[in-house]
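S.K.: Dumping the structure here so I can ask a few things about it.
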Amino acid sequence: MNCFGHHRRQTAPAPAPAPAPQISGSRSELCAPPLHSRINGWSLPLHGFQLLAWLVYSFMAIVGFGIYLPLLPAPWSFAAYALIGAVFVLHLVTHVAAVTIDPADLSVRRRKDYSSPMPVFDNTKHQHVIHNLHCTLCEVDVAPKAKHCSTCNKCIADFDHHCKWLNNCVGGRNYWFFFITVSSAVIGMFLLILVVLFVFIEHYVNPAVLRTAPQFQSKTSRVSGLSNGTWLVFLPAAPLETGSIGLLALAFITVLLALAALLLLCHLLCFHIHLLSQGISTYEYIVRKRQSPNPKEKEQGPPALPSNGATTQVQTQQYITDRKQSIQIMQCSYSKMLDNSFCEGTKIYKITIQFHGFQVIFFSVQVWPKVHFRS
């Protein structure tokens, strides 16, 4: 069945001799103005979060490897270059892979029909576009865990979620690249924060520890000497002089930005570790949350009667009458309450009334058609 005419995925309907009534649930009702399906995260338009993620990565790489790592004394500088460098390279490779991989279902990728426009699912008319493992829009049979992403406009194999930071869907084909991307980002941010904090502290405690690079010695030999307020950055390739204020201000900004990113990334990483331990995807987690009933409000027990010697049976019966509405007893008269008989359809309730040294417990038991209230 075609959406817009005799040719698959055409944008305009074919002329018909007479208007025919639309059948509820037909493919034409599912369609909105056609759009091209996205291939991967590099497909236009790029998302703002995607650009922000690359800007933060570039900033951390330039600041870390260009300013603060060269100030570390040996052998810590070599270890930091090797460890942090490996983490940043791993993040770059997995990040690019997660963005580049096409997460579409195998049936969709076999067709490779990304050049032609495809109708868009209208979720205001229908809740689902996949019925009996067949996608009405992609016109292919899909795997059991495949879902049609409205943003990418195609079916995703083992759909987990659509990630705005990658500008791509996360599915079975790129999930582990996504997971390693998040994990490496957490490790890289943590290590970089340690390095910047070390430089910040040593700047006040022992600045000479941070001036062990050969460029500091050669600079001293040519000039009368570097003052304590002058530092070299972008060592060893292009040494530039800067002041302590600039070095420390940049360190403060870097730590704040890295801490904010670290908190978000740790939350995301812990969430996906929890999902992996439960063996579910993000989509399944959201569906379960939506389908789970709201937690029942705890029934608040009625306040105790005044515990004084003047409490009598009449006061007890009057109290029960006053609390009749709060415990949802259906319009029973006071005379019936004296006979300890209640109307039909009453639910089970427990009423505890405190007296001096003892309790009186009343039960409303649902017995059809009569409900008895016993003490």
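Cβ atoms are placed via backbone N, Cα and C, with glycine included.
Any TrEMBL annotation is an automated prediction that lacks curation.
Quick caveat, the model's predicted, so the values are computed rather than measured.
The compositional bias 'Basic residues' annotation in TrEMBL covers 1-10. Annotation comment: TrEMBL describes 132-287 as domain 'Palmitoyltransferase DHHC'. The region 'Disordered' annotation in TrEMBL covers 1-25, 291-311. The transmembrane segment annotation in TrEMBL covers 51-72, 78-101, 175-201, 245-271.
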S.K.: Sequence-remote contacts (6 or more beyond its ends) of the transmembrane segment (51-72), Cβ cut-off under 8 Å?
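M.R.: For the transmembrane segment (51-72), the list is 80-81, 84-85, 88, 91-92, 95, 165-166, 188-189, 192, 195-196, 198-199, 210-211, 213, 231, 233-236, 247, 250-251, 254, 257-258, 261.
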S.K.: For the domain 'Palmitoyltransferase DHHC' (132-287), provide the mean pLDDT of the predicted model.
M.R.: 89
